[in-house]
Amino acid sequence: MREDGKTISMLTAYDFPTAAILDDAGIDILLVGDSLAMVVQGHETTLPVTMDQMLYHAEMVGRAAKRAMVVVDLPFPEGQREISRSVDCAARVLKETKCHAVKLEGGAEQAERIETLVTAGIPVMAHVGLRPQNIHVDGGYRVHREIDALVVDALAAEKAGAFAVLVECVTVDAGKAITEAVAVPTIGIGAGPHTTGQVLVTNDLIGLTQGYTPKFVRKIADASTLIRDAATTYREAVADRSFPGASESF
Ligand code: KIV
Ligand code: NA
């Protein structure tokens, strides 16, 4: 798609019905993101979600995707431990689900791991810039501005065989520089308009996330209000006995 000058659309998905709708809407890549720790499980960071839980969700999304590519995050700390352990985890994604690739956080320091995974037949998307699994070392969520270091990370990931680089929360200039430096697709989230694709957390996009959402989110729908209104209408119909009606009864 990059070669053809087409921008790539990517969204997160965590369950069968949502994945089926996103696939049907023509989204190019579905990401079973470890963001599910926050937006599905209700944790404060992405760190608590386990490999088994990722596989549980990956199975559902993989079953739903008819045309989209499906990428699965390696959860903390499976992308940071012994490389052979990462291979085992990533292999489970390909063996036990219908998903196609894994994503892991990091650039230059992950080159050997990426190369080993790709050699083993496992496509890898790299993830540079803000790395949510690294916030306790990095000092929290912040905009990354170190263009040279970011470009080094992206180039190392590409050289190691990553098929694409996700770029999170960097300046517009950094997003542009990274995209110009590599030949593989760059997919941005909070990385400005110059990356060759964009990704958002679906729950943020549709207004299902409770509480804070970052500046880079575009909230296009208000699913929270939709669900609350439906629940309220149902509760009232139950209370006043207008539900079930004759057509809903045997
Ligand atoms: O887990 C996730 O949702 C991500 C985002 C950056 C899209 O990795
Ligand atoms: Na993630």
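The backbone N, Cα and C atoms fix where each Cβ goes, and this holds for glycine too.
TrEMBL: automatically predicted annotations, no manual curation.
Quick caveat, the model's predicted, so the values are computed rather than measured.
Here TrEMBL flags Glu168 as active site, proton acceptor. Among the features that TrEMBL reports, 3-methyl-2-oxobutanoate binding site is placed at Asp34, Ser35, Asp73, Lys103. Residues annotated as Mg(2+) binding site in TrEMBL: Asp34, Asp73, Glu105.
Compute the center of the Cβ atoms of Asp34, Ser35, Asp73, Lys103, which mark the site for 3-methyl-2-oxobutanoate; besides them, the chain residues with Cβ within 8 Å of that center are Thr12, Leu31, Val32, Gly33, Leu36, Thr46, Met54, Val72, Leu74, Pro75, His127. Sequence-distant contacts (6 or more apart, same chain, Cβ under 8 Å) of Ser35 (3-methyl-2-oxobutanoate binding site) comprise Thr12, Thr46, Pro132, Val201. Checked against Glu168 (active site, proton acceptor) by C-alpha proximity, the binding-site residues Asp34, Asp73, Lys103, Glu105 yield Glu105 as the nearest. According to DSSP, Lys103 (3-methyl-2-oxobutanoate binding site) is assigned to a strand segment. Lys103 (3-methyl-2-oxobutanoate binding site) is surrounded by 25 other CB atoms, counting those within 10 A of its CB over all protein chains shown.
Under the three-state DSSP scheme, Asp34 (3-methyl-2-oxobutanoate binding site) falls in the coil class. Most Cβ neighbours within 10 Å, among the recorded positions Asp34, Glu105, Glu168: Asp34 holds that distinction in the structure as shown.
Long-range C-beta contacts of Asp73 (3-methyl-2-oxobutanoate binding site), restricted to its own chain and to partners at least six residues apart, with a cutoff below 8 Å, comprise Leu31, Val32, Gly33, Asp34, Met54, Val102, Lys103, Leu104.
When every Cα pair among Asp34, Ser35, Asp73, Lys103 is compared, the largest distance found for this 3-methyl-2-oxobutanoate site is 12 Å. Taken residue by residue with DSSP, Asp73 (3-methyl-2-oxobutanoate binding site) is part of a strand.
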